[in-house]
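Before any comments, here is the structure.
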Amino acid sequence: MIEKFTSIVLPSIPDTLYMVFFSSLFSMLIGIPLALILIVTRPGGLNPKPKGYQVLDTIINTLRSFPFVILIMVVYPLSRLLIGKSIGPTAAIVPLTVAAIPFVARIMEGVFLEVDEGLVEAARAMGSTNGQILTKVILPESLPSIINSMTMTIINIIGYSAMAGMLGAGGLGEIATRYGHYRNQLDILWMSVICIIIIVQVVQWIGNRLTNTTNKK
(Lines of atoms letter the chains of each structure in order from A and count residues from 1; the text may use other names and numbers.)
(Lines give C-alpha, C1' and ligand atoms only; values in the text may rest on other atoms or scores of the structure.)
Protein backbone atom coordinates (compact mmCIF):
# COMPACT_ATOMS: atom_id res chain seq x y z
CA MET A 1 0.00 0.00 0.00
CA ILE A 2 2.84 2.39 0.81
CA GLU A 3 4.35 1.69 -2.59
CA LYS A 4 1.05 2.51 -4.30
CA PHE A 5 0.80 5.74 -2.35
CA THR A 6 4.34 6.90 -3.15
CA SER A 7 4.25 5.86 -6.82
CA ILE A 8 0.66 6.73 -7.79
CA VAL A 9 -1.12 9.00 -5.32
CA LEU A 10 1.72 11.18 -4.01
CA PRO A 11 2.89 12.43 -7.45
CA SER A 12 -0.66 13.65 -8.20
CA ILE A 13 -0.83 15.93 -5.14
CA PRO A 14 1.35 18.70 -6.68
CA ASP A 15 -0.94 18.77 -9.74
CA THR A 16 -3.97 19.30 -7.50
CA LEU A 17 -2.22 22.02 -5.49
CA TYR A 18 -1.05 23.68 -8.72
CA MET A 19 -4.57 23.80 -10.17
CA VAL A 20 -6.10 25.00 -6.91
CA PHE A 21 -3.50 27.70 -6.26
CA PHE A 22 -3.63 29.40 -9.64
CA SER A 23 -7.39 29.01 -10.08
CA SER A 24 -7.91 30.56 -6.64
CA LEU A 25 -5.47 33.37 -7.40
CA PHE A 26 -6.99 34.29 -10.77
CA SER A 27 -10.57 34.01 -9.52
CA MET A 28 -9.78 36.37 -6.63
CA LEU A 29 -7.99 38.86 -8.87
CA ILE A 30 -11.04 39.03 -11.14
CA GLY A 31 -13.89 38.26 -8.74
CA ILE A 32 -13.08 40.82 -6.02
CA PRO A 33 -12.97 43.80 -8.45
CA LEU A 34 -16.26 42.57 -9.94
CA ALA A 35 -17.77 42.53 -6.44
CA LEU A 36 -16.58 46.10 -5.88
CA ILE A 37 -18.18 47.14 -9.17
CA LEU A 38 -21.42 45.49 -8.07
CA ILE A 39 -21.61 47.35 -4.76
CA VAL A 40 -20.70 50.66 -6.39
CA THR A 41 -23.20 50.43 -9.27
CA ARG A 42 -26.09 48.71 -7.47
CA PRO A 43 -29.19 50.82 -6.64
CA GLY A 44 -28.29 52.79 -3.54
CA GLY A 45 -24.57 52.22 -4.12
CA LEU A 46 -21.77 54.77 -4.17
CA ASN A 47 -22.35 55.49 -7.88
CA PRO A 48 -25.61 53.81 -8.97
CA LYS A 49 -25.69 52.56 -12.55
CA PRO A 50 -28.81 50.37 -12.64
CA LYS A 51 -28.44 49.20 -16.24
CA GLY A 52 -24.76 48.34 -15.89
CA TYR A 53 -25.43 46.59 -12.59
CA GLN A 54 -28.26 44.56 -14.12
CA VAL A 55 -26.07 43.40 -17.01
CA LEU A 56 -23.21 42.33 -14.73
CA ASP A 57 -25.63 40.75 -12.25
CA THR A 58 -27.25 38.71 -15.03
CA ILE A 59 -23.89 37.50 -16.37
CA ILE A 60 -22.78 36.39 -12.91
CA ASN A 61 -26.07 34.60 -12.23
CA THR A 62 -25.89 32.87 -15.62
CA LEU A 63 -22.37 31.58 -15.02
CA ARG A 64 -23.30 30.42 -11.52
CA SER A 65 -26.21 28.41 -12.89
CA PHE A 66 -23.97 26.18 -15.04
CA PRO A 67 -23.28 22.72 -13.57
CA PHE A 68 -19.50 22.48 -13.28
CA VAL A 69 -19.10 19.36 -15.41
CA ILE A 70 -20.98 21.03 -18.27
CA LEU A 71 -19.02 24.25 -17.79
CA ILE A 72 -15.77 22.31 -18.18
CA MET A 73 -16.89 20.96 -21.55
CA VAL A 74 -18.02 24.42 -22.67
CA VAL A 75 -14.83 26.19 -21.58
CA TYR A 76 -12.25 23.59 -22.61
CA PRO A 77 -12.09 25.02 -26.17
CA LEU A 78 -11.05 28.31 -24.54
CA SER A 79 -8.29 26.40 -22.74
CA ARG A 80 -7.11 25.05 -26.07
CA LEU A 81 -7.12 28.56 -27.53
CA LEU A 82 -5.23 30.15 -24.63
CA ILE A 83 -2.87 27.34 -23.67
CA GLY A 84 -2.75 25.12 -26.73
CA LYS A 85 -4.25 22.04 -25.06
CA SER A 86 -7.48 21.03 -23.39
CA ILE A 87 -6.29 18.37 -20.94
CA GLY A 88 -3.88 18.44 -18.04
CA PRO A 89 -3.55 20.62 -14.92
CA THR A 90 -2.67 23.84 -16.76
CA ALA A 91 -5.62 23.53 -19.13
CA ALA A 92 -7.93 22.88 -16.17
CA ILE A 93 -7.04 26.22 -14.60
CA VAL A 94 -9.19 28.02 -17.18
CA PRO A 95 -12.53 26.28 -16.45
CA LEU A 96 -11.77 26.20 -12.72
CA THR A 97 -11.22 29.96 -12.76
CA VAL A 98 -14.30 30.64 -14.88
CA ALA A 99 -16.39 28.54 -12.49
CA ALA A 100 -15.02 30.28 -9.40
CA ILE A 101 -15.21 33.91 -10.57
CA PRO A 102 -19.01 34.32 -10.26
CA PHE A 103 -18.93 32.56 -6.88
CA VAL A 104 -16.23 34.94 -5.64
CA ALA A 105 -18.01 38.00 -7.05
CA ARG A 106 -21.32 37.12 -5.42
CA ILE A 107 -19.95 36.07 -2.04
CA MET A 108 -17.65 39.11 -1.85
CA GLU A 109 -20.52 41.40 -2.78
CA GLY A 110 -22.36 40.11 0.27
CA VAL A 111 -19.26 40.61 2.41
CA PHE A 112 -18.83 44.23 1.32
CA LEU A 113 -22.51 45.00 1.85
CA GLU A 114 -22.16 43.95 5.50
CA VAL A 115 -19.87 46.90 6.26
CA ASP A 116 -21.54 49.35 8.64
CA GLU A 117 -23.31 51.98 6.54
CA GLY A 118 -22.48 54.54 9.22
CA LEU A 119 -18.76 54.19 8.47
CA VAL A 120 -19.40 54.77 4.77
CA GLU A 121 -21.55 57.83 5.47
CA ALA A 122 -18.92 59.21 7.86
CA ALA A 123 -16.26 58.83 5.17
CA ARG A 124 -18.52 60.58 2.68
CA ALA A 125 -19.11 63.43 5.12
CA MET A 126 -15.34 63.87 5.44
CA GLY A 127 -15.09 64.30 1.67
CA SER A 128 -13.66 60.89 0.78
CA THR A 129 -13.92 59.84 -2.85
CA ASN A 130 -15.55 56.58 -3.87
CA GLY A 131 -12.11 55.07 -4.41
CA GLN A 132 -10.99 56.11 -0.94
CA ILE A 133 -14.15 54.68 0.61
CA LEU A 134 -13.51 51.36 -1.11
CA THR A 135 -9.82 51.12 -0.24
CA LYS A 136 -9.78 52.75 3.21
CA VAL A 137 -13.17 51.77 4.64
CA ILE A 138 -14.87 48.85 2.90
CA LEU A 139 -11.86 46.64 2.17
CA PRO A 140 -10.13 47.04 5.58
CA GLU A 141 -13.38 46.58 7.51
CA SER A 142 -14.20 43.48 5.46
CA LEU A 143 -10.79 41.82 5.80
CA PRO A 144 -11.75 38.99 8.21
CA SER A 145 -14.82 38.15 6.12
CA ILE A 146 -12.76 38.38 2.92
CA ILE A 147 -10.29 35.82 4.28
CA ASN A 148 -13.13 33.57 5.40
CA SER A 149 -14.75 33.81 1.95
CA MET A 150 -11.42 33.13 0.26
CA THR A 151 -11.11 29.99 2.36
CA MET A 152 -14.56 28.86 1.23
CA THR A 153 -13.61 29.56 -2.38
CA ILE A 154 -10.39 27.55 -2.20
CA ILE A 155 -12.23 24.60 -0.66
CA ASN A 156 -14.84 24.77 -3.44
CA ILE A 157 -12.08 24.82 -6.05
CA ILE A 158 -10.51 21.75 -4.45
CA GLY A 159 -13.81 19.98 -5.02
CA TYR A 160 -14.03 21.33 -8.56
CA SER A 161 -10.49 20.12 -9.29
CA ALA A 162 -11.47 16.60 -8.27
CA MET A 163 -14.37 16.70 -10.73
CA ALA A 164 -12.10 18.15 -13.42
CA GLY A 165 -9.78 15.19 -12.86
CA MET A 166 -12.56 12.92 -14.10
CA LEU A 167 -12.24 14.66 -17.48
CA GLY A 168 -8.47 14.50 -17.84
CA ALA A 169 -7.29 17.43 -15.72
CA GLY A 170 -4.92 15.31 -13.66
CA GLY A 171 -4.43 15.48 -9.92
CA LEU A 172 -6.07 13.43 -7.21
CA GLY A 173 -9.44 13.44 -8.95
CA GLU A 174 -8.04 11.70 -12.01
CA ILE A 175 -6.19 9.13 -9.88
CA ALA A 176 -9.34 8.38 -7.90
CA THR A 177 -11.34 7.97 -11.11
CA ARG A 178 -8.79 5.99 -13.10
CA TYR A 179 -7.72 3.56 -10.41
CA GLY A 180 -10.61 3.62 -7.97
CA HIS A 181 -13.54 3.63 -10.38
CA TYR A 182 -12.36 2.09 -13.64
CA ARG A 183 -9.91 -0.43 -12.15
CA ASN A 184 -11.77 -0.99 -8.89
CA GLN A 185 -8.65 -0.40 -6.79
CA LEU A 186 -10.47 0.92 -3.76
CA ASP A 187 -7.31 1.37 -1.71
CA ILE A 188 -6.06 3.98 -4.17
CA LEU A 189 -9.51 5.58 -4.25
CA TRP A 190 -9.54 5.98 -0.48
CA MET A 191 -5.96 7.22 -0.34
CA SER A 192 -6.90 9.92 -2.85
CA VAL A 193 -10.00 10.85 -0.87
CA ILE A 194 -8.03 11.04 2.37
CA CYS A 195 -5.44 13.30 0.72
CA ILE A 196 -8.21 15.64 -0.48
CA ILE A 197 -9.73 15.70 3.01
CA ILE A 198 -6.34 16.54 4.54
CA ILE A 199 -5.80 19.39 2.06
CA VAL A 200 -9.25 20.80 2.85
CA GLN A 201 -8.60 20.57 6.59
CA VAL A 202 -5.26 22.36 6.27
CA VAL A 203 -6.79 25.14 4.14
CA GLN A 204 -9.65 25.56 6.62
CA TRP A 205 -7.25 25.66 9.58
CA ILE A 206 -5.07 28.31 7.94
CA GLY A 207 -8.17 30.32 6.97
CA ASN A 208 -9.55 30.18 10.51
CA ARG A 209 -6.23 31.30 11.99
CA LEU A 210 -5.94 34.23 9.58
CA THR A 211 -9.57 35.22 10.14
CA ASN A 212 -9.13 35.22 13.91
CA THR A 213 -5.87 37.17 13.62
CA THR A 214 -7.42 39.95 11.52
CA ASN A 215 -10.73 40.14 13.38
CA LYS A 216 -10.81 43.31 15.49
CA LYS A 217 -14.15 42.53 17.11
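Even glycines carry a Cβ here, placed using N, Cα and C.
It should be emphasised that the depicted structure is a prediction, and the values quoted were computed from it without experimental measurement.
The stretch that TrEMBL tags with transmembrane segment, taken from the ranges 85-107, 154-176, is 154-176. Under 8 Å from some Cβ of the transmembrane segment (59-78) lie the Cβ atoms of residues 34, 38, 86, 91-92, 94-95, 98-99, 101-103, 105-106, 160, 163-164, 166-167, all in the same chain and six or more residues away from its ends. Distant neighbours of the transmembrane segment (188-207): 1, 4-5, 8-9, 12-13, 16-17, 20, 147-148, 150-151, 154-155, 158, 162, 172-173, 175-176, 179-181; these residues of the same chain sit at least 6 beyond its ends, with a Cβ under 8 Å from one of its Cβ atoms.
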